[in-house]
Structures are given as C-alpha cells and as structure tokens.
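Record features (Swiss-Prot):
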SIGNAL    1-20  signal peptide
DISULFID  Cys76-Cys154  disulfide bond
CARBOHYD  Asn126  N-linked glycosylation site
ACT_SITE  Ser204  active site, nucleophile
ACT_SITE  Asp232  active site, charge relay system
DISULFID  Cys243-Cys248  disulfide bond
DISULFID  Cys285-Cys291  disulfide bond
ACT_SITE  His293  active site, charge relay system
Amino acid sequence: MKFITAILVIFCVYLLSTAGDSKILPLKKLPSKIFGHLKSHVDNTVKKPLKVFGHLKSHVENSVGPLRMNKLTPNCIFGVKSMSMVLFTKNIPDGKYISLDSDLGRDLDLTKTIYFTAHGFISNVNHSLSNRLSRALVEKDYTVFSLDWSDAACTTGGLPLVKLLGYPSAVQNTREIGNLMADYVMSLIDHGASLRNMAFIGHSLGSHVCGFASKKIYESGYGKVPLLFAADPAQPLFQLKQCPDRLCDTDAKLVITLHTSQIGLGYPIGGLDLYFNGGFVQPKCHLDITCAHIRSVLYLINMVEKKCSFPGIPATYKQILNPFSKFPYPNSKTTDCFVMDDSIFNPRRKSLQNLAGGIYYMFVDPDTFCTRKNFNCQR
C-alpha cells in the first residue's frame, strides 16, 4: 500500500514536471563518446549502436514484434540505454551536448569550480528548475555539467500512467548511471581537472546517482568529492537500504542534505541535514507533496539568484518529527546557529569542512521563500 501511495505521489511529480519543461535545449537520445570511454548498446529493432559513457560493453535488446513494446512502456525498464552530458559555461549559457569530438579546450576552464547536476525521476535537463539551476551556477562563474539520464529515469517512452510502474527500474538504474557519471568525472581528472574543484548536486533519484558516482570515484583511487548537495533525496525503495546501496554521508567530504517533503528520505542521511520549514511541508505548498519536493531545488536557486540566506538552529531528529516542537527564530545573540547562503557553493571554501555537522531546523520566509540578507549570529 505504501508503494502504491508513493507511485501516485510520483505521478503528481511527473505532471508537475511536464507542465514546466523548458524547450531551450533539444533532447538527444543518442549520447556521445567521452574521452575514449565507450559503451555500446545494440538495439535489434533499429540495428544501430547506442554509444554511452563507460567501458566497452555489448548489450542486446530483443525485438518484441510489429508492436514496439517501448511505445507502451517506458525505456527505463530495458536498463541503461542512453545518457549524455550538457555543458553550461559563461560562453554557453544555453548549454550544449558534449561529445568526444568536441574540443573542450575551447569551452572548459579547468581552474574554475565544476558542478555536476543530476535530475530525478521522469525529468530531464530541460526541466525548468534543472535548467534554471544550471544557469544560476554559471552566473557565479562556475562550469556546469548537467547529466541527462532521462531514458533510464523513465522520462521517455511509454504512457504517462505506465511510466510510474517503471519507478523500480529507475531506482535500479541509478547505480549504473552513477558509475557512468563517475567514468566521465575521472576522464576529466585524467585530462587535467582537479577533483578539489568539483561538487555534485542531485535532486530526488539524482541524489542517489551522485552518491553512487562519488562511491566509484573514491573506490577507484581518485579521492573523495569535496561537496555533495542532496536535494530531497528520494525515499521510495531506498528507506530500508544501507549506505552501500544509497546516498550516504561518507560519499563526499561533506554531504549537505536538504529535506523538504515526505517523498524524500526523512531521516538524517548527510553530514549536514537541513530540515527546511521542518522538512515535510513547505510554505504555500500546503499538502502538495510535489510542490514541497521540488522546493529543495528552488531554495538552492534562490540562494544564487536572489542572494537568499537561510538561518537554522540545532535540532534533534525527535524534535523534527514532533509536530508540537517549537523552534525560536535566531538572532544576534543566538549561539550554535547555522546560516546557509551562496558562499556554501564554493567547494574550495576553507571553512566548509569546519561546518558543524548534525541536524538543523531551517527557517523559510512564507512569502519570498527566502530569509533576511546578511544575517549574522554567534557560532
């Protein structure tokens, strides 16, 4: 029953996401070769290889006869069929798909901070908030690689209602997508990029993708990703899993988790767990879980676009779960508070690793989804 409820909620997310899609970038189904890492999939129905990041591997997808099954079912149930990267820079504000033949030397400044973003279930890089987040980070003079794993995330193919039934497949695909993302990151490092200048942002299922990518990078001997933002990491089919099979606080030097809805993992999962407005219901969303779920991305965007800051005070998970808990708004005399603003996006910030870990109740203005600017309190 809980799974069915979760599926219905996810369908609402789908309806919301399709309503807000941006048409700025053309969605390409065939990803490209990257730095010599090649993965080939063969689809017998079209007799063409599909190139995907990774090492050489062959996969055969059987034909289902005159009526193509993927006309009715989402592509995600067939496994990882394709993925690609979109590069955003100051000179490429609209983003462009990257292939092996692209001369990244013209577009990529390896001295700048590089962000990798990963969308969630039934979404893509064209989604309005995903695109807006990438553009906002570029305005801070960061380089952004936006991972498009829409085929494996059940975005393409199939009927809307049937796509929801593909959620378990999308969950299963997060590990392989994460591994392929790691291959891409390691290729960049092999060609001169520094892991110390990199950070990840994942929303919902994309948070777990970033977690799996970080795990592989570390296990491959490249070190730990400095900073990983998990925007309301997906809960369905992850809530009972242990660290090896989901996002974990050890995946990066600092994992910052933004909790905003009931569809996200409610229990602490990062090195710094931030419960915005209590972590379950957001201002003006009321009981709309989909609104609260995507609000985690909007808060990140607001920090960059509007220079918002969000003050928080220490809390326990028991206090967070208690609907009768009261949290006093901090002031200049408050101690042990935490203020989150756009400075937190810099993975090279010296004080980043000194941030007090733990759980914080984060205050959100009900009208502006922001809080006081230049807010200070005692540390």
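Cβ coordinates come from backbone N, Cα and C, glycine included.
Positions of Swiss-Prot features highlighted on the structure.
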| residue | record | Cβ contacts under 8 Å, 6 or more apart |
| --- | --- | --- |
| Cys76 | disulfide bond | Asp151, Ala152, Ala153, Cys154, Gly157, Gly166, Ser169, Ala170, Asn173 |
| Asp232 | active site, charge relay system | His203, Ser204, Ser207, Leu258, His259, Thr260, Ser261, Ile263, Gly264, Ala292, His293, Arg295, Ser296 |
| Cys243 | disulfide bond | Thr250 |
| Cys248 | disulfide bond | Gly211, Val255, Ile269 |
| Cys285 | disulfide bond | Cys291, Ala292, Arg295 |
Ranked by how many other Cβ atoms lie within 10 Å of their Cβ, the recorded positions Asn126, Ser204 are led by Ser204
Cys154 (disulfide bond), Cβ-centred 10 Å count of other Cβ atoms over all protein chains shown, is 29
If you count the other CB atoms within 10 A of the CB of His293 (active site, charge relay system), including all protein chains displayed, you should get 27
